Amino acid sequence: TLGPPGCWGAQGRFAYKLLHDLFANYSSALRPVEDTERALNVTLQVTLSQIIDMDERNQVLTTYLWVRQAWLDAHLAWDKDTYGGIDSIRIPSSYVWRPDIILYNNADDRFGGSMETNVVLRSDGLIMWDSPAITKSSCKVDVSYFPFDGQRCRLTFGSWTYNGNQIDLHNRLDTADLTDFVENVEWEVLGMPATRNVITYGCCSEPYPDVTYTLLLRRRASFYIFNLLLPCIMVSFLAPLGFYLPADSGEKVSLGVTVLLALTVFQLLVAESMPPSESVPLIGKYYIATMTMITASTALTIFIMNVHHCGPGARPVPPWARRLILYHMARLCCVYEVGESCKSPRRALGEREDGGDTAGLGESPGQGEVGAEARACPRDRCLCHHDGLLTNVGYIAGCFRRHRAAQRRTGEWKKVAKVMDRFFMWVFFLMVFLMSVLVLGQAA
């Protein structure tokens with residue numbers, strides 16, 4: 001501390017004399033203790049200023065820290081009254097001995113340390129060294145609940161060469177200082193507690209103390225919800241609408257394949273930023289489940305289109321399918337013909353769709369009239385044409401009966417395909433809704 005303005009010149013001379021006297025016989029290579037058998041106490045305090053980057057794929061956390069170290073140098077104490085009341089001076093850190101405190105889980109290829117800033121030297125020998133540092137630390141990233149995940153990244157500080165019998169490292173506070181933290185747009189900091197650990201490594205028998213800061217992070221999921229999750233949900237709800245398309249449109253399979261390709265693009269975007277680990281992210285599981293569902297719906301669409309396009313040579317609808325699909329499932333899915341509502345009573349199962357078919361099993365109307373006319377006709381006038389007319393009319397009536405039976409079978413198979421389309425549409429809508437609720441529930 002300096003006195004009044006009139007004494008600045010004297011204070012400057014005292015400062016030069018103090019610096020010369022302190023470092024005349026001082027060596028910064030040796031540990032500054034009076035008794036070499038005693039450990040030197042070093043306190044550490046970390047201030048988190050900014051989270052620069054979290055690289056999930058390479059599992060590297062980049063942070064901007066302010067590291068404060070304090071220790072007592074027994075060789076650099078002075079009587080402040082002898083030197084004009086100077087209580088503290090600021091000198092380059094390279095002048096004094098410094099503890100070799102490094103970040104154990106450093107992931108920087110250059111292995112850069114702290115900046116060469118000044119140290120504050122007090123008259124009682126206490127040295128405080130504040131230095132900013134940009135650190136890259138390895139962090140085990142768990143992306144099981146991405147994008148609703150949280151991470152625990154540890155930053156372990158300790159001496160590289162001095163053991164616990166030479167340097168006793170302690171944390172100054174139970175947590176890191178977060179008062180000057182700059183908010184990160186992707187990560188929310190929940191806390192950064194500090195713990196002191198004493199570990200005995202396999203190489204050496206001496207204990208090595210370290211201070212570990214655990215950075216508790218929670219991802220801000222809004223960006224990923226609006227850019228990855230909501231588009232996937234909206235695209236997923238398009239897949240069941242493929243069952244609602246008319247079979248004659250020719251776009252049912254194209255819609256399913258297009259939705260499948262869209263989800264594949266979204267999954268590749270997620271896979272590029274995630275580490276290739278065994279744990280699949282939550283959103284990745286949702287993509288896989290949705291793609292499996294769309295694949296199944298496309299396969300079912302192909303099967304239903306095959307049913308819809310059954311030709312005139314198809315066999316009749318089996319009785320069990322008629323009862324299950326055309327009666328129960330049609331009422332459940334509200335599939336009805338023109339002029340018939342899903343709430344009106346349906347006709348009996350044994351009744352034909354066309355009442356004229358029953359009459360068609362016998363003689364046709366034309367055949368009956370011709371037969372009556374033939375019976376009324378005198379034999380001597382049309383006997384020669386009677387058998388030929390009956391044969392021709394019977395052939396024409398049989399063609400009509402077969403044509404109408406084929407149309408009835410084709411219509412029944414189209415009705416079966418329509419009912420199955422509506423049934424699977426509601427089933428897949430329910431599956432998409434349940435999967436979306438399940439994903440959001442697990443995230444909560």
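For all residues, glycine too, the Cβ spot is worked out from N, Cα and C.
Bear in mind that TrEMBL entries carry predicted annotations, made automatically and left uncurated.
Some features that TrEMBL has for this protein:
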- 357-369: compositional bias 'Gly residues' (COMPBIAS)
- 16-220: domain 'Neurotransmitter-gated ion-channel ligand-binding' (DOMAIN)
- 228-438: domain 'Neurotransmitter-gated ion-channel transmembrane' (DOMAIN)
- 347-371: region 'Disordered' (REGION)
- 223-247: transmembrane segment (TRANSMEM)
- 253-274: transmembrane segment (TRANSMEM)
- 286-308: transmembrane segment (TRANSMEM)
- 423-443: transmembrane segment (TRANSMEM)
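Comparing 223-247, 253-274, 286-308 for CB pairs under 8 angstroms to the transmembrane segment (423-443), the maximum falls on 223-247.
Long-range contacts of the transmembrane segment (253-274) within the same chain: residues 56-57, 143, 146, 228, 231-232, 235-236, 238-239, 241-242, 245, 281, 283-284, 287-288, 290-291, 294-295, 297-298, 301-302, 305, each at least 6 residues beyond the stretch ends and with a Cβ under 8 Å from a Cβ of the stretch. Mean model confidence of the domain 'Neurotransmitter-gated ion-channel ligand-binding' (16-220) amounts to 90 (pLDDT, 0 to 100 scale).
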